Amino acid sequence: MSRSPDAKEDPVECPLCMEPLEIDDINFFPCTCGYQICRFCWHRIRTDENGLCPACRKPYPEDPAVYKPLSQEELQRIKNEKKQKQNERKQKISENRKHLASVRVVQKNLVFVVGLSQRLADPEVLKRPEYFGKFGKIHKVVINNSTSYAGSQGPSASAYVTYIRSEDALRAIQCVNNVVVDGRTLKASLGTTKYCSYFLKNMQCPKPDCMYLHELGDEAASFTKEEMQAGKHQEYEQKLLQELYKLNPNFLQLSTGSVDKNKNKVTPLQRYDTPIDKPSDSLSIGNGDNSQQISNSDTPSPPPGLSKSNPVIPISSSNHSARSPFEGAVTESQSLFSDNFRHPNPIPSGLPPFPSSPQTSSDWPTAPEPQSLFTSETIPVSSSTDWQAAFGFGSSKQPEDDLGFDPFDVTRKALADLIEKELSVQDQPSLSPTSLQNSSSHTTTAKGPGSGFLHPAAATNANSLNSTFSVLPQRFPQFQQHRAVYNSFSFPGQAARYPWMAFPRNSIMHLNHTANPTSNSNFLDLNLPPQHNTGLGGIPVAGEEEVKVSTMPLSTSSHSLQQGQQPTSLHTTVA
């Protein structure tokens, strides 16, 4: 860029390095063509490059073509003029920002709460998950203990809660506003911030953690004191609520609980989708300071001493001494997020009704719970449903969102099917020829009315018959496991050596059951497949024998025992 030596303009930038020209470079023109550069670039071109002028490509002479150093008077004059211009610029900015002293800017992520009792006037308390921490991540909490907000309820504290996200602040306002706690009605709204006095003076603020504004805020969110008295800032808040509701209709519903990997604790999970007039049926599992709400409308009645809306079950015995953080508070005080609200928050104009009410948060405790299970090792119950409720088991009725899968029911049906299949099996392991020889050698087949029954030939044959019965469980181990249930295959009593022989033949009930699942047969009823056998002396029998061992069912056996009869009979059919 060329300029004449006599030009009296403001310093400009060097065309090569784009740095402002210093005062000494104002009258420096190294080339006869009048192309002005700074002395630093001129020295670099001559020493490190080709030494040619960037404009006319002529070699630079040893001495600059025009160089007139400024005198001290000229330097002082230039400095004074520059300072004066800077002061004028600052004054102009201050005059433009002077009207901002009475302007307040609504902060979308700042919640202002009025009406806090002294018990709640603690930043660490308000940051807890039971309180404002449940709505989102909090950046900072500032408590104002000034009594300027005191009303008919007496002096109270106010708090500024700054959230990371603006939607968390709106959710907190909808859930906390007009809630009665400790006999005081809380009022919550978006907070406003004024401009820093140093910013209004166009000066650097010395406070690193200054909470005031140091830059111009949104014009739509800026309101004067007169406009705020007219409620303009509340209209802006309702507008933000409408916009957020259009983007996310379920913004009042908190996100699902998550597990902290470091502490292995469940973070709070709260849902605000229960109507105001219906108390929430939920199961609260407490562990330390954290709690988890599980919605369950079909849960049976809780144990005595616990409210139905919030039964508490301790997870570990080490936390039995856990209490609400507010020891010494009045027990009758209402919970901040209970459903007993005196002034429900109005729905913004122009919006359809919310699918969920914001006033159903019931986990902001104000006093120790009087009948909590944390104080006792036992759980009082009065019915079977109480046990189910005490240990977290729901009723048999499936919730709407359940898939209808009941592991116990499926297992029970599978076991019943397995037993039915065992009863319907027709092909069982056959007896060995030796056992058939023993049984046939000790029994005789009689003809007549009593044919078909096994009659002992001698007293010793009864011992053989007893040994035959004792061998059956060993040869059929699959029936051994059912002996505790079906015990009709035993010989009761020791009144005589062979008491069953003393009964008349007509008093013994003839049982000829076949093992099929539809009949009233005992599971020990055996249909043995026909097989070849040898008679006495090793002579083979031409025909095939079908041996059927039948026992009395459980019901028939008990009936026979009441009449003093022998419940067991052995029936052999020879084909």
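Just so it is clear, glycine is given a Cβ too, placed from its N, Cα and C backbone atoms.
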>> By the record in Swiss-Prot, which of Arg184, Arg412, Arg497, Arg505 is the one labelled asymmetric dimethylarginine?
In response: Arg497
> If you check Swiss-Prot, which of Ser357, Ser432 turns up marked as phosphoserine?
Replying inline: Ser432
> Which one of these stretches, 461-483, 553-575, shows up in Swiss-Prot as region 'Disordered'?
Replying inline: 553-575
> Which residues, given as numbers and ranges, are at least 6 beyond the ends of the coiled coil (68-104) yet have a Cβ under 8 Å from it?
Replying inline: 5, 23-24, 26-27, 192-195, 199-202, 222-225, 228, 233
> DSSP helix, strand and coil counts for the domain 'RRM' (109-189)?
Replying inline: 21 helix, 31 strand, 29 coil
>> Within the zinc finger (14-57), count helix residues (DSSP H, G, I), strand residues (E, B) and coil residues, in that order.
In response: 13 helix, 5 strand, 26 coil
> Tally of helix, strand and coil residues over the zinc finger (190-217) according to DSSP?
Replying inline: 4 helix, 6 strand, 18 coil
